[in-house]
Structure formats: structure tokens, C-alpha cells
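Here is what TrEMBL records for this protein:
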TRANSMEM  23-43  transmembrane segment
TRANSMEM  55-74  transmembrane segment
TRANSMEM  95-118  transmembrane segment
TRANSMEM  138-158  transmembrane segment
TRANSMEM  170-190  transmembrane segment
TRANSMEM  210-232  transmembrane segment
Amino acid sequence: MDATGRYLGTKEIKNYKNLSKQLFAEFLGTFLYLSIVLSAGIAHGTSNNTVVVSLANGLVVASIVQMCGHVSGGHINPAVTVGALVCGYIKPLKAVCYVAVQVLGGIAGSGVAYLVSVEKIKGNLGATVPYTETRSDQAFALEFLMTFLLVSVVLSVLDPKRGSRGLGSSPLAIGICITGCLCSSIPYTSSLNPVRSLGPAVIMGIYEVFWVYWVGPLLGGLVAGIVYRFVLGVTHNEYILRKQSQ
């Protein structure tokens, strides 16, 4: 296999059995995330219960990562996939496939949330639009910062060279991060995931400052990948020294 094929991950793509399992896990995880989280947001939207909605997001993601993480890594977020690509945890061709099924799963999950929601409280189906007094650049900055933190946490979980640290539970660490970010940012903005914004936008036809919810998180994931790879991640030499000292 030539260097280009190794870089793109052609061999991974040709392992159809393994790839199909991983893609199904990403589709299923994103589908469940959108269908459940949007339903929770609709149910509690009228009460402005920020804590409940934030907890629902964090706990659902933690559960999905626990369920799918061993198969696909439990990305369920294009920003996470971008960060993983930068760190070399996933090859470009597989990353494109991941994002494609995440988009499909997000739209399908949003459709289910629309169908099962009571008409009079359905509203905009939890579409992510900035608070009326929040400028688009402010929403962009919040999306960038929150997604940077989230992807950094996920990359530390995916890093095979890191030992067990902190909470001792990868899904719990990710879930707490999401809960904290959303508690801090709702109602100004509340995505952290381009697919979380895309699904309701497609179903409801709401595309207000839509670029914020793709560019902000994807850029946050990209920068998180760069920072983790070159600053926060464990280097090969550090890993060898740690293994020798054990």
C-alpha cells in the first residue's frame, strides 16, 4: 500500500465488517442522542429549567458513550471526530464516513422527536438560536470555547497512552463536562455539536445564524486536537518512561 493509502486509511475502509459496526454505532448513538435530548428540551422548555436540560444532555451522552464507545469511540459529534482526526486516532476516510452517519442519525433522531412531541409545546423543536440579546460573534465564541473543552476531555479519554486518572470513568467525565458547559451557557447558546443544531434546523427549517453552530464547534474541535496532540497529550517518550517506572 502506498503512503497516500496509509494516510487516508484505505485499509480501514476495506474492512467492511468492522467499519459497518462502527458506522452503525455512530448512527445509533447520534440518533438516540437527538431523539432523547430534544424531547427533554421540549418537555422542560416552558419552565426554563436549565439544570434539568443540562443534566439530561450530560447523562444521555454518558450513557451512549458507555454503550457505543468500545465499538466506534462514541464520537456522536463531528467536532469530536475532527479532533480525533488531528490527533491521529482516526484516518481521514473513516472520519468522513463518521460525519456522514452522524448527520443522518441526527436528522432521523430529530424527526422522531418531532413525531412524539405534543403539538402545543413542540415550539421550534429545540433549534439552537442565540438569545435575543446575544450577538452572533458572542455565540460563536461560546460555542468555540465549550467545544474546545469538550473535545479536549474526549481526546484525553481516547488517548491510549494515558493511564487511569480523575473520575475513573470515561463516560462520566464526558457527561459532567457537557452538563457543566450547558449550565454555564444556556440560554445564550447550547449546541457543542453541529449535528445537534443541524437536525432540528432541517426538520423545522430554522437556519438563523446557522454558521455559528458549525464553524464554532468544528473550529473548537480542530484547535483542541492541535493543542492536545502537541501540548496536553502524553508523548511516546513519556509513555515509555512511565511504563518502565511501573
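Every residue gets a Cβ built from N, Cα and C, even glycine.
By the Cβ criterion (under 8 Å, sequence separation of 6 or more), the transmembrane segment (170-190) is in contact with the transmembrane segment (55-74), since 3+ such pairs are found.
Under 8 Å from some Cβ of the transmembrane segment (55-74) lie the Cβ atoms of residues 21-23, 25-26, 28-29, 32-33, 36-37, 40-41, 44, 84, 89-90, 98, 158, 170-172, 174-180, 182, all in the same chain and six or more residues away from its ends.
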